[in-house]
Amino acid sequence: MCGIVGIVGRRSVSQRLLEALKRLEYRGYDSAGLATISEGTLVRCRAQGKLVNLEMRMREQPLNGIIGIGHTRWATHGAPTERNAHPHMVDGIAVVHNGIIENFAELKAALEETGANFETDTDSEVVAHLLAKYRREGMNSREAMYEMLKRLRGAFCLAILLQDDPSTIMAARNGPPLAIGRGDGEMFIGSDPITLAPFTNEVTYLIDGDWAIVGNTDVSIFDARGNAVTRPRCTSTASADRVTKGHYSHFMEKEIHEQPDVIGRALARYVDSSSDLVAPLSTGIDFAKVASLMISACGTAYLAGLVGKYWFERYARLPVEIDVASEFRYREIPLSPHAAALFISQSGETADTLASLRYCKGHGLKVGAVVNTSESTIAREADTIFPILAGPEIGVASTKAFTCQLTVLAALALAAGKARGTLTADQERQLVKRLIDMPSIVREVLQNIQSQIQLLSRELSESPHVLFIGRGTSFPLAMEGALKLKEISYIHAEGYAAGELKHGPIALVDKNVPVIIIAPYDQVFEKTVSNMQEVAARGGQIILITDERGAASSKLETMHTIVLPHVDEIVAPIIFALPLQLIAYHVAVFKGTDIDQPRNLAKSVTVE
Ligand code: F6R
């Protein structure tokens with residue numbers, strides 16, 4: 001998604017803005033730009049594509065000045081061209097925007113009637129025109145900002161530079177996050193604390209409806225009614241070190257191989273390896289008392305939640321209702337006061353997940369957040385947080401965050417089972433031991449299956465379509481395998497519950513369609529084998545991912561069989577996620593796609 005940075009400085013800002021934009025790259029973007037005030041004049045530089053293009057432009061056209069704003073754009077309204085790149089400039093006003101101005105069409109029409117000439121196809125440009133109109137009508141910058149914000153609908157955050165007020169940046173937040181950092185005689189604005197980390201760790205987060213006038217030593221913050229307000233200062237823990245790929249070719253590859261360590265770190269928080277019991281939870285959710293659990297999330301995080309549903313229902317006998325957050329938030333779900341809710345999000349900023357959390361909180365439910373970013377909006381608004389401790393995930397395709405989400409959900413399901421008396425101490429100990437053994441199994445699997453996966457990935461990279469099927473917790477894994485493959489290799493892939501195959505999707509199966517069957521040797525293994533027979537009978541190319549016991553008992557001919565160690569059912573989804581990640585990764589390598597920043601995708605989805 002779009003990223004925003006701003007510096008009200010004492011020394012030159014353009015290179016520092018560019019460096020800060022590089023720290024925002026992981027969010028996904030398709031054009032970028034900067035504006036500064038140089039010798040009293042607003043100047044800007046923009047480029048389509050990656051930041052390296054902007055950097056080249058800036059070599060030809062250096063931007064001087066000690067105040068400036070920068071932006072990485074993930075196109076929503078208007079193609080990702082230089083013309084549509086931010087900052088947008090109108091009459092000495094430069095605007096960068098993250099989010100969507102939902103009523104832009106009506107505002108644009110009204111402004112055009114009064115003679116405004118729009119240069120871009122974006123929704124964002126209305127902000128610059130509206131401000132310019134109010135300034136022409138004689139309002140000062142603060143009055144104009146207040147009036148302008150009253151006209152906007154939608155989710156947005158803004159940073160604005162005014163040529164005739166060259167010592168301040170104006171900023172606003174209504175949806176996507178915005179942090180204001182305090183330095184030594186300089187102030188900073190950023191979409192997240194990671195951006196600001198090299199400058200300062202002293203940050204203030206604006207809350208929805210807030211807007212601010214940021215000078216070089218202080219900030220004045222106002223609420224939506226224009227009243228001056230104070231917001232707490234916090235110390236950010238974001239590291240100033242830039243995360244690097246190390247010796248890996250891509251962040252995604254590095255993050256796949258970090259899994260043994262980060263899963264181990266997450267486990268250390270949630271289970272006690274000296275007693276083999278779940279660690280006591282300091283939680284606002286009393287699992288012993290809740291009657292049901294609502295889970296909501298998006299994308300891969302949703303699929304982790306779907307696996308979690310099987311675990312909570314099985315080990316804690318706790319009914320779970322789960323939905324993608326974009327549906328959950330508008331379904332007008334009748335919420336029982338005896339329910340609790342869990343929201344899962346790597347970034348902690350996903351707009352739909354945040355809105356679902358607010359819906360549940362507004363109805364009096366206790367809400368927990370399974371998050372990777374403890375300083376995110378979702379983390380700050382939840383009653384209780386369950387950090388997944390995966391460390392920064394830079395690759396757009398989620399890998400280590402998924403398996404860490406699963407690890408935390410598994411431990412929470414056991415904690416809930418213990419609290420509700422549905423697990424005996426002995427069962428709890430056995431299951432916790434299985435979890436504790438997991439990091440070394442993950443390491444072993446990652447070492448052992450690489451070459452086989454590379455071989456089959458070469459063949460898969462030629463296929464236009466791939467189906468994934470599984471039962472039980474392997475059903476969400478099938479969907480996750482398909483999601484990973486399509487997002488980074490652009491191959492059409494679908495994941496189905498294996499039992500659903502004959503209700504429609506089997507019509508797609510012929511000798512040209514590879515079907516990846518995820519079948520650990522568990523209580524539904526035999527059923528999945530029957531579905532495999534159905535694929536074989538139609539000449540489908542079977543790629544079986546199973547374990548030693550499954551491989552020994554299945555006699556069917558396959559194109560490839562990937563054999564994993566046999567593990568307990570609580571560990572299997574994490575172990576079986578590994579070949580799926582590696583398949584997606586290696587297929588994408590063969591296809592030569594942009595693995596860490598696949599087309600059209602953003603890491604942090606702050607619009608709905
Ligand atoms: C897919 C992927 C996305 C995210 C989704 C939710 O690999 O990463 O589907 O899982 O956008 O993001 P978070 O977890 O940040 O809420």
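The backbone N, Cα and C atoms fix where each Cβ goes, and this holds for glycine too.
TrEMBL has this to say about the protein:
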- 2-217: domain 'Glutamine amidotransferase type-2' (DOMAIN)
- Cys2: active site, nucleophile (ACT_SITE)
- 283-422: domain 'SIS' (DOMAIN)
- 456-598: domain 'SIS' (DOMAIN)
- Lys603: active site, for Fru-6P isomerization activity (ACT_SITE)
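Same-chain residues at least 6 positions away in sequence with a Cβ under 8 Å from that of Cys2 (active site, nucleophile) are, in sequence order, Arg27, Tyr29, His71, Thr72, Arg73, Trp74, His86, Val96, His97, Asn98, Gly99, Pro176, Ser191, Thr606. Sequence-distant neighbours of the residue listed as 'active site, for Fru-6P isomerization activity' (same chain, 6+ apart, CB under 8 A from its CB) are Met1, Tyr26, Arg27, Gly28, Ser347, Glu393, Ile394, Val396. As a summary of secondary structure, the domain 'SIS' (283-422) carries 60 helix, 28 strand, 52 coil according to DSSP. In the predicted model, the domain 'Glutamine amidotransferase type-2' (2-217) shows an average pLDDT of 93. Within the domain 'SIS' (456-598), the DSSP-based counts of helix, strand and coil residues read 70 helix, 30 strand, 43 coil.
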